[in-house]
Structures are given as C-alpha cells and as structure tokens.
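Pulled from Swiss-Prot, these are the features on record:
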type    : residues                  : note
BINDING : 106-113, 188-192, 246-249 : GTP binding site
Amino acid sequence: MFKSMISSIVMRSMQKKINAQTISETDVQAVLKEIRIALLDADVNLLVVKNFIKAIREQTVGQTVEPGQDLQKWLLKVIKQELINILSQPNQEITSKRPLKVMVVGLQGSGKTTTCGKLAVWLKKQFQQKAMLVALDIYRPAAIDQLATLAEQTESVFFAKGTQAPDQTTKEAVKTFKESGCQAIICDTAGRLQTNQELMDELVAIKNELHPDEILMVVDGLSGQEIINVAKEFHNRLKLTGFIITKLDSDARAGAALSLTSLLEVPIKLMGTSEKLTGLEQFHPERIASRILGLGDVMTLVEKAEEVFDKQSLTKTVSKMFLGKMDLEDLLLYMEQMNQMGSVSSIVKMLPGNLTVSDDHVESIEAKVKLWKVLINSMTREERRHPKLINRDPSRKQRIIKGSGRKMDELNKLMKEWSKLQTKTAEMGRMLKGGKNPFSGFGGLGGLGF
C-alpha cells in the first residue's frame, strides 16, 4: 500500500489549469478514478474504498478555488485528512492502566509468539516496566520453548505449565503475577482458525480467568481480504481492544490489514517494523497517512535517531567530519548506529517522495555497508584511527584481506572512497562556515559517498 504513491496520481491528474472558480465533478473525476484503482490494487476493502472516495468527492466538488491556489497541495491535504480519519479510532494507544494484563490472539503463523517478545521489549523501553510472558499454546511444544527463549532475551519472567488446560494455567499465572513485581502480564495463546469453535471457546475461557485490559489481535500485513471475516469472528467472541499489524516494513500492500480498523471500529495500536525484538512501534495514523501519500515520516525518523545517537558523541563525530578528520573508526561507529535505526530500506521509506532512493540503489548501499564493516573490523584500532598507514604498507593490506576474506580491489575501493569522503565532508564544513547549503551538489544519501 505504501507503494501506491497517491501524491504522484494527484500531480499527474491535476496538470490542467482549472479556470472556473468552483471545482466540478469533471475536474476531480480522473484523479478519484486513479486513486480508487490504486487502493484496490493495494487490497484495501471495497467498502472502505467507496466510503473514502465518497468523502473526497463531498469535500472537493462545489468548493470555491482561490486565485493562484495550488490545487495539488489542496487536494493532497484533503486526501491526507481522510486517510487519517480511516486509520484513526478512539483509544489508539495501549491503555495506561497498571498493572497491565494483555491477551494476544490471532491466526496460526501470524507471528503472535514473536510479537509477545517484542511487546515485552516495547513496554520496557516506553515505560520501564518488566513483563511476565505466559505460554498458553499447548498444541505446539515449540511455541513454549520459543517463548521461554524470548523471555530470557527480553529479561522477562517466564510462566508455563506444559500441556495443562490453558484457562487453569492462566488462573495460576495471574496469582503468580500479583506476587512477581512485574507491571505487565502478556499471555501468548495458541494460533487458531476462526472456524474452530472449540479453540475459540478456549480463548473465551482464558479471557474469563485473565480479565485482560487489552485483547490484541496480531495480523500479518500480507493478509488478503479473508482476514476481515476472521477478525470479525475474533471480535464477536472476544471484543478486541486493538490490532498489531506486522510486516509494515516490507513491500506488503497491507490494504486489507489496514482496512480492519475502519470496518470493525477497532484501533490499530502497534505495528511491526522489523524482525528484530525492537521492531515494534506505536501506530500513528497521521504518520502512516503521510507514508501512503509518499510524503515521508520524518517524525519517526527523528525519534529513531534520538534513541540511537548519543548527542555528545554525535557532535564530536560531525565536528570531525566537517574538519575533514573523520577516520575509519568514526565511520564504523556511524554505520553501526545507522544499523540500529533499522535497515536502509526501512529508513528510505520514511523519506519524503522527492528524496526517495530506488530499490536497486538501496540494495547497493546495504551491500556496500556490509562489505565496509567486514573490512574495517579486520583492521587494528591503530589502522582505523590512522588509515594512511594502510596505504603506506602493502603488508597491512595483505593481512586485512586475509582476515576479512575479501578481495584487494574491494579494500582499495574502500580506501579510495574514504579519501573522497574526507574531501567531501571537509568541503561541506567550509560551505557551512560560509553560510551555504552543504548538501547542494552532492549525490547519494546526504553526500556521504553512497
């Protein structure tokens, strides 16, 4: 769905000058038709699409146009607000009630168990609260082992009772939870199909023992239209409080998954953005609307950077860059910190449309970063801090090649590009001092040699 780039449709369809003071049905007909096709291609539910197009038509047809008004920007603003309306529901955030009791449900293979681990990490990061993970999937022994591993990785308390009836295990877990000192209990239920009434009854029994504050359904972003009927059944039996949509970092169309919130009037509370345990984020309708329109998501990008980059060390690194004194150890630290923000592709998706990078270029950047890290990690600290030592001594190059398992021309290319980077960043520093734009005339991502 993020690939639909509705903004390009608007720009392409609104090229002709509208001379009349009032916008007519004919003026917006072409753009609405293309938007409808784009949304359906993204697997958005037909009813949601119809309501969306109707709302846009009602807000545009008959509206008075001010002389000189930018119609593209005006129409994009209307479209963005309607997207926000579709994606928004009351109680969008995880409840602030503590202690917090969460029941996680969903279809088989939707990623519930992994999401439970991610949720524990998210709660710890956002609220400094420790969680208890409860294994209730007695039909898949590997699920219990997986949750135990996740509990260890996330420093959470783990609770399981083997193949004991899940509702009885829940009852015992709640008692232990009250005495554990944990602020949240997260129950991982067995994956099931909506047609299996016996297992659905089991969920109801678990709910009656847990009395959860949140009942969250995990939905795969790759799901098709069938997920809507599935979610309706879960909601009818359990009264869901929210959805967690996974794989929104991929090229998944995600239209069906995102349609759920409008059709069921249940908020999307969290979204999966990577396979890492840290890859769970709060769902912000306005930010997702911006991504869908190709306007980027700068706020999330800034938040990620603030989490990863230490202000003092970043200031030091940037100062060295603009003085032309950035060494390979600085470059390695920079690449590792960028990696903590997410993959190159996930970062690129947050950039506004006019700053986007092609998929081929993204793959090229990711491959180059991986190669550079291998080569730099094969150097001594002295070599990283004084890269010119490598160029002066062929034996150092031979040792680095042998240790990294890479080719000599790859190392030579790294050294050449590092030298270019030194020159570029020093020039950028001089431009800054002169009050000029340091990024004009430089290619790649920020002109950093990529």
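For all residues, glycine too, the Cβ spot is worked out from N, Cα and C.
Positions of Swiss-Prot features highlighted on the structure.
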{"residue": "Gly106", "record": "GTP binding site", "Cβ neighbours (10 Å)": "26"}
{"residue": "Gly109", "record": "GTP binding site", "Cβ neighbours (10 Å)": "8"}
{"residue": "Lys112", "record": "GTP binding site", "Cβ neighbours (10 Å)": "24"}
{"residue": "Thr189", "record": "GTP binding site", "Cβ neighbours (10 Å)": "26"}
{"residue": "Arg192", "record": "GTP binding site", "Cβ neighbours (10 Å)": "21"}
{"residue": "Leu248", "record": "GTP binding site", "Cβ neighbours (10 Å)": "24"}
Open item on the list: Can you tell me whether DSSP puts Lys112 (GTP binding site) in helix, strand or coil?
Closed with: helix
